[in-house]
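J.: I'd like to ask some things about the structure below.
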Amino acid sequence: MENMQYAEELVKEFLVFRGFTSTLQAFGRELGTDIGKGFQVDKILELIFSVYIPQFRAEDLIEVLSFFKQCFSSSSETLLISTLSKLEVSILRCYVVRAILSGRKDKVIEFFGMHGNDLLQRDQDWTYWFAIPYIKNPSLDPQFRIFFSQEWFNALHLSVRNFLSEMFNDTHILEQKSSDIPDLRIPAILKICSEKITVNRLKKDIRQLNLRLSELQALLEEKEAQLCRSRSYASSPLEASVGQKTSPTNSVTWTPLNGDHEADIIPPRVSHETCAPLRTPVSEQESPRTRNWVVTGPAEGAPKLASSKVTQSSSSKMEVRESGRINDPLEMIKDGFNIETSTEMQEEEEFPEVKLEFQETFLGHTSPISRCRFSASGNNIASASVDGTVRIWTYDSATPASRNATIYCGAEIMSLEWDCKSDRLLLIGTADGGIKAWNVDAKRVVCDLNTIEAFPSVLDLKCSPVEPIFVSAASSRGHGTSYMDKLGFANLTVWNMKTWKAMTVLPLGEDPPAITSLCFNHNGKILAAAATDGMIHMFDMSAGLQITGWPAHDSAISSILFGPDETSIFSLGIDGKASYSSTFFGIFEWSLQNQGKVLWSRNCSRFCNHENSGHCRHEMALDADGRRLLVTSGSVRAPIYQVRGHMNGVKTLPHSAAITTVDWHPTLPLFLTGSADHSVRVTSIS
């Protein structure tokens, strides 16, 4: 049976756990005999008729017959019991006949001496068989002649084959559809896999039903929002007429800009009392230390309208440029980006919802999620929360859960990084200058490093894809209220993963701004680092020197990634000067062959703005094909942009709070989203 090996592993695991080493050794030796032979009929027939009977191994023969009786007998099936008993009697008589033909009457006498009483109790027909060792020529005796014929032996062999074949075929069917046929005749331990398959099927049905429920709830929310807007629009003429009698500026606000006036139309607000969004509550009684899977539906607040400040900033920059005060080509690129994407911000409101294959939610954390990462194979997930807890888990119930673990670090987790070559090692960077190396096989911290005391915040960690080294980006403490303002100066240290000692510090100049994000190229020879002053630095790791760099953004860069073909690099950062009264988050794809050239860009201020970015550092992730870019969000939904595509993108199903961290599976169309609502979701898309 296909579940036999799995059951044997369970038995071995239990014996090791209880310390039954002697039993484990005996179990291993007996597995070598494998009297069940995996329920393969030909091997069982060979064992009975070519091994046990010719070699006169009566004890082994009776043991194997008892084994099959225990496996297949059922008190509710009289015909089955009768057939099995008749075959058992015939096989034992075949043993006696074979011993007589071989001149081993001593084996017959020994057989009856040990099992004669039991045979007589079950069948009185055995009485006259006790005389067979003493008959001079039993093959000519009328009572025994038939049993010495070749025809009888062939008929017995065929009968046993047919019976076992029928039984084992039924057992395979029963194993697959145990719910349809009640007379299951396999050991209980072998039913574990079948029950697990049934549970997984039921879970899949639940996911589909919950997904359908989510769709219906989203449709209901949409209809309620439309109803609210209709009511609001219906009452707006009356409100406008009343507003004109009291104040002519109630419905339109005029903002002076460079001596001119531009109208900023403020749309009517929808009352939250009359149009409260529906939510799918999550039970608060679920234990935070137990891995709980919950398939959730939509739970979002009212959508925010895109601000018109980008249009104003674009107009302002155009006027300044015409007056000859901007000559920087990079500023010209950004101006064009700002103008082109001012309309896009409105279009992003209409992003379609992503089409799901399945979605599962992990509720093991008790505070907002700071980081979550797939392992190198994608089988394991590490997620961290601001309370200093890291959990290792798997989204696939078929994957062994032996690596699941909870790690308490005692400080806020600021960075996570898996070893690029295997799922064995996880690096954890904290806000108190600690770097822990967790061995997932041994389930323990194998090394506990500390950065220089002046640089306590470990903002990012990156392992080389080739060499046994990793780089840490640490920062001193700054003064400010927002996330970026709290960061001071930068320190980039290269560590050896064999000796767990610092190898070198990469040069950044005097008092360099904090490095927020790192990424290696495919062969580990080039390291890219993004800084809070908007610079991208490129290092030659073999020489340990900076080889180039350029100003990619006006202000802090939150995240950088090499493109799929590594001829480009993506950056997510803040643009716009303070004098323009407008800043925005932008994504740029920079050419590495023609430095400074923008290949693709998006304005993501709709999701990443200063009001919703104070609590975290925004980040982005590319899928395995390099075609979809997932970005964190201050709202309950995250955008997935189509890189260099004609479509703007899609949006994820909502969490109930901001999305603080994201990651893509290394090979599959699966992505992770961690949220301030303490949850982590695994989403599969088509």
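The backbone N, Cα and C atoms fix where each Cβ goes, and this holds for glycine too.
The feature coiled coil is assigned by TrEMBL to 199-226. Marked as compositional bias 'Low complexity' by TrEMBL: 307-316. As annotated by TrEMBL, domain 'ARMC9 CTLH-like' applies to 53-169. The domain 'Anaphase-promoting complex subunit 4-like WD40' annotation in TrEMBL covers 509-562. Positions annotated as region 'Disordered' by TrEMBL: 280-322. Positions annotated as repeat 'WD' by TrEMBL: 362-403, 652-686.
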J.: If you average per-residue pLDDT over the repeat 'WD' (362-403), what number do you get?
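T.: When the pLDDT values over the repeat 'WD' (362-403) are averaged, the result is 90.
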J.: Are there residues at least 6 beyond the ends of the repeat 'WD' (362-403) whose Cβ is under 8 Å from a Cβ of it, and what are they?
T.: 196, 199-200, 203, 282, 286, 288-294, 409-423, 426, 428, 430, 438, 440-441, 443, 615-616, 657, 660-668, 670, 672-682
J.: By DSSP, how many residues in the repeat 'WD' (362-403) are helix, how many strand, and how many coil?
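T.: Tallied per class, the repeat 'WD' (362-403) gives 0 helix, 17 strand, 25 coil.
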J.: Could you give the number of helix, strand and coil residues in the domain 'ARMC9 CTLH-like' (53-169) as assigned by DSSP?
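T.: Final tally across the stretch: 95 helix, 0 strand, 22 coil.
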